[in-house]
Structure formats: C-alpha cells, structure tokens
C-alpha cells in the first residue's frame, strides 16, 4: 500500500483548498481512511458575501485572514476552552456524587431505590435517568441553536458559518429516539445478568468511599477510551465505513443531538459497550454507574454541540474529526497520543493559536516543521 504523507499545510495554499489539502494530508499512516463524503468536500468551496450567514459580530483581522483560507476553527474565542478547563464538568459531577453519598439524603434515596427489584434498578431506573439527562442536554442546545440566543455563544462555534437548522433536528430525531428507546433498553437488559454475575451493589451500606469512587471512575474512563477508540477507528475502515459509520458523519458540522445519531450497531458497540466493560471490571456501585453514565452523556453531547464553551467538555478535538473525517478517534485522547492519530490536528491548532498571538511567521514555520517531522516519520516507517 502506498502511504500518503503530509507535505503541506493550509498556510501554503490559497482559498479553502487549504482545508482540502490538509484533510488529505491527515489521511496518512498504516490505517486506511474512507474518502471524504461529498458534502464534506463541498464545504471547501468559499462562501460568497451573499450566501455567508451573518454572525452577529465582526471578525478580527487575524480571524478574517484565517477565514479566507479555512472553513474550520477561524474564531479566536473557540480556542478559549482547553482540555484541562474541560475537566471542570467531571470535577463538578464527581464532587456532587461524593457529597451526596455522604449527606443525610443518601440513605433514604438508596433505601427507596432498593424497594424495587434489581432488574428494575438496572434497566428501568437507569434508562429513565439517562434518557432524562440526554433529552435535557439536547433540548438546551436545540433552544440555543434554533433561537440564536444567547447570541454570545456564537463566538464559541468552530464552524459559525454553518448554523444548525430545524431541518437537521427533524432529520436526527427519529434516529436518536430509536437508539434511546430500543437500543438503550436492549443494552440494559443484556447488562443486567452481567451485573448480577459481577455482584454489583446498589445499597446505601455498600456505598464506596470517595477514594474508591474516584479510582473506579478513572478505570472506567480508561476502558472507555480504549474501547471507543478501537471500535471507532475500525469503523473508519473503508470496507466498513459506508455501511455503518458514514451515517454518523452526515453531520460535518455536528450538533448536540448528533452524538447518538448513529447506526444501531455503532451506538451499541461504540457508545455503550466500552462504558459497560469498565463498570463490570471494577464492579462499580450503582452510584458510580449513574455518575459515569450521566457524565459521559453530558460530555459526548457537548463534544458534538459545535460550541467550545469554556469550562465545558472541550469540543475542538471531536469537531475537527467530524469536519476532516480523520484523526482524533478517542474521547479522552490517550490512545490518539500513543498511536499518533492526532498529529495533524496538533500541528493545525499550534499554528492557529500562534497566529492569534500575533506571530504569524513563527506560526507558519512551526507548522511546516511539525508537518516535515510527520513526513520524515512516515518515510522511516515505509523503509
């Protein structure tokens, strides 16, 4: 197989062909990638002044220069949120869980929960909690997307020139509801006997300590990254992609509801199974199960929202994946770092952030050096 290497960056070409060439350059390495969808390639065509939607604010000179070359990530404020800042959501939800478990409310709540049989706890109650959380998050983003309010949020969009539409929401609702009602229910039913086999506890008396809860959460997060990365990258194989994962990539500029806009098999094996594996390995208490599920549910929808809002889950990484249809396969980024499936993304963002700091020449040189290093590594691998 002939390997294509990254030999250029978007700063060396004119117009939106910069996006296209960088997208092609990103499709490298020993893994095969599908051809970009037609609607993705169409995104590289420059918008005329007449068709370009009003953003409600003026672009800075640097943003205008980037906008002239790129269709993704040309707003400076979209980079205000970092992956470290994005951990705030997890910190808050974990803290709330620990505080609640130590509060006077915990015993009556868990005692009430256990008035139901264990099948109901693991299936019905879990489904109600996750469904409520998912629909609430989708609903909040839908109100923002369709009303345009609060208007300041538009400043945090990675692709502000492609505002969400009512037609998109109408398109995804049937698929999202099917996965929510049918696939999630089947998943809970399959999970129940496995949870019984592993002896997963649900009572107040068996609540984990704060340290144990955090430790189990971290193991679950690691298993989620390993499982999701593996399945997701496999789904990008061209022999599989068009049958399953292509559906999810119909949204090159994703919206929150697109998180579970996926083929049922993908939703189960990619979105759900990696989470369940971690819970089973750690024999996590039902409280950890609820915490982990809801935290990931919020994070996944924020990652697909199109907004990189400070102190919410960082959405830059996954929004890049949807636009360029390559790299950034994992939700955490650990395996992407190990297998270097984030190298073009890192070169791009390093160049862009440097440009916003006023040193465009240095930014361009840094990007060229990074891509030259990538090319050298690929040539060495071929030898």
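A Cβ is built for glycine as well, from the same backbone N, Cα and C atoms used for every other residue.
Range annotated as transmembrane segment by Swiss-Prot, chosen from 46-66, 151-171, 172-192, 193-213: 172-192. In summary, of the candidate residues 101, 342, the record from Swiss-Prot lists N-linked glycosylation site for 342, whereas the others have no such entry there. From the options 18-38, 123-143, the stretch Swiss-Prot describes as transmembrane segment is 123-143. Same-chain residues lying 6 or more positions outside the transmembrane segment (123-143) and placing a CB less than 8 Å from one of its CB atoms are 113, 116, 149, 169, 176, 180, 184-185, 188-189, 192, 255-257, 260, 289-290, 293-294, 297-298, 301-302, 305, 307. If you look at the transmembrane segment (172-192), the same-chain residues 6 or more away from its ends with a CB under 8 A from one of its CBs are 118-119, 122-123, 126-127, 130-131, 134-135, 138, 247, 251, 255, 257-258, 260-262, 264, 267-268, 272, 276. Counting every protein chain shown, the number of other Cβ atoms lying within 10 Å of the Cβ of residue 342 (N-linked glycosylation site) is 22.
The average pLDDT computed for the domain 'Fatty acid hydroxylase' (217-341) is 95.
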